[in-house]
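Colleague: I have a structure I would like to understand better, so I am pasting it below and will then ask my questions one at a time.
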Amino acid sequence: MSWGIELWDQFDNLEKHTQWGIDILEKYIKFVKERTEIELSYAKQLRNLAKKYQPKKNSKEEEEYRYTACKAFLSTLNEMNDYAGQHEVISENMTSHITVELARYVQELKQERKSYFHDGRKAQQHIEICWKQLESSKRRFERDCKEADRAQQYFEKMDADINVTKADVEKARQQAQVRHQMAEDSRADYSSILQKFNHEQHEYYHTHIPNIFQKIQEMEERRILRIGESMKTYAEVDRQVIPIIGKCLDEIVKAAESIDQKNDSQLVIEAYKSGFEPPGDIEFEDYTQPMKRTVSDNSLSNSRGEGKPELKFGGKSKGKLWPFIKKNKLMSLLTSPHQPPPPPPASALPTAVPNGPQSPKQQKEPLSHRFNEFMTSKPKIHCFRSLKRGGAAPEDFSNLPPEQRRKKLQQKVDELNKEIQKEMDQRDAITKMKDVYLKNPQMGDPASLDHKLTEVSQNIDKLRLEAQKFEAWLAEVEGRLPARSDQARRQSGMYEAQNPTTVNNCAQDRESPDGSYTEEQSQESEVKVLATDFDDEFDDEEPLPAIGTCKALYTFEGQNEGTISVVEGETLYVIEEDKGDGWTRIRRNEEEGYVPTSYVEVYLDKNAKDS
């Protein structure tokens, strides 16, 4: 099978076919080039996708990646980066092994094809010239033959005519001979040119054209083979990265299998565990007997005769837990106003106040002072509501529950220890440099490092003091500190209460004016009510029962928070007697508040007082 034999007369068609083959090759190159662009774009999009879902540094989101599920997701993102890298490898290999090589080959192929078809056209031109020479010699031979024939006929005519002179006959004979000689010469020339043409034509159709067409055929077959090899390379480039892509997918599967739901659940416990104990059971309060209030260990008021804290509820509990009492009502259940009561009017004699000695006879520290002191004491037990409040956190993390506070303090101690070690390493480096300067003064002045050495030493001292401070707080939280003072023990008495159900109860807190939750105790270590910010649906508690009546001896303008105005001679209900701070709590219709004990005359119900 040879184009030179089978297609000896299809020069133009072969020229068109070979040009089409080069166009196909260029089209394939363009296809591969666009594939490489797609691979690069895909890799870029994969990297951007992985980057988009990477956790931001120094953010809360970064802390979430300690869970195994999040770690597996992070591993998936990292593997997607490697996956994208393999697509970039595909693009690079296709560009170098296919597009660049084929583009170079196309240029060589075009040059080779041009050379072959140039030789073919040159051979065509040569055979055409030979053909023209043959045609020219043939026409000349034909013309000379005709001229010789006419000359012979003219000679014969002249020779037969008796009227023609002998000289004319001789001239005609000579002319005929010349013409015959010219015809013979033309014949010989034509024969020679014909033989030459036949030889050239044989060479053209059996040697030159077959050789040229054979080279074109080989060129075309090499092109076809080359495009086939490029297609294999195209597949091999993909195949080479399949194992690595498979490893990426295997790592993703491995990361997915490493997810430990139990471990994540434990991390949630460690992250949000407060260290508080759940509230104890609320005992039934019997209101069937008038003016009698039963008190349980977990109610919202304390028995006067017992030293352990209790919780008091006003009205019916309706099956609710104590934290769900509305804030504005609970504020009225807290201690008396944060200032000492005013003295009675100057016009009144001490003897005119029947119950006047009740307030001064109690030689105790005012409750407002105790409250203010307690507000600034540490540590505080905070209710869960306070964990959601904004604002700057205290330095000792006392706004957090015990377990969370311990973790934060431990984290702070570790950070400070790292900073101390870093400063110590810097100090050692400066010391070594100073020693080098002392031994080799030409390298530098040792005195120039004194200032830096002093600065580093001061930083170490500051960091150590800071670390000691946090370690003390940490030790206090972990219970490693020695016995504390009476005041500190009194302030943190909630930790030392004998009743375990009330030790970690959120009812030990109350809301301070700045919006943070702190604990409060009365002079008898009585636990007051926690003020919370729950919805109005919990504002259905019944008022506390009256324990007696009172008569106003003087007019009192209640302008401070928690107080109530009374008019001289007015009779009101007493719902809480003076507890030694000089204030008595009364009620007028649905209005409740405190009035100075020295401004009223109290008549307590005996049954209620005995209870």
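Every residue, even glycine, has its Cβ placed from backbone N, Cα and C.
According to TrEMBL, the feature domain 'F-BAR' maps to 1-264. Summarising the annotation, TrEMBL assigns region 'Disordered' to 293-315, 333-366, 494-525. What TrEMBL records for 338-347 is compositional bias 'Pro residues'. The domain 'REM-1' annotation in TrEMBL covers 399-476. Feature annotation from TrEMBL assigns coiled coil to 406-433. Among the features that TrEMBL reports, compositional bias 'Polar residues' is placed at 498-507. Annotation source TrEMBL lists domain 'SH3' at 545-605.
Help me see these features in their spatial surroundings.
Modeller: Mean pLDDT, taken over the domain 'REM-1' (399-476), works out to 86 on the 0 to 100 scale.
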Colleague: Grab the same-chain neighbours of the coiled coil (406-433) for me: Cβ-Cβ under 8 Å, and only residues 6 or more beyond its ends, written as numbers and ranges.
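Modeller: Sequence-remote neighbours of the coiled coil (406-433) are 270, 275, 396-397, 400, 444, 449, 452-453, 456-457, 459-460, 463-464, 466-467, 470-471, 473-474, 477-478.
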Colleague: Could you give the number of helix, strand and coil residues in the domain 'SH3' (545-605) as assigned by DSSP?
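Modeller: Counting residues per DSSP class in the domain 'SH3' (545-605), I get 3 helix, 31 strand, 27 coil.
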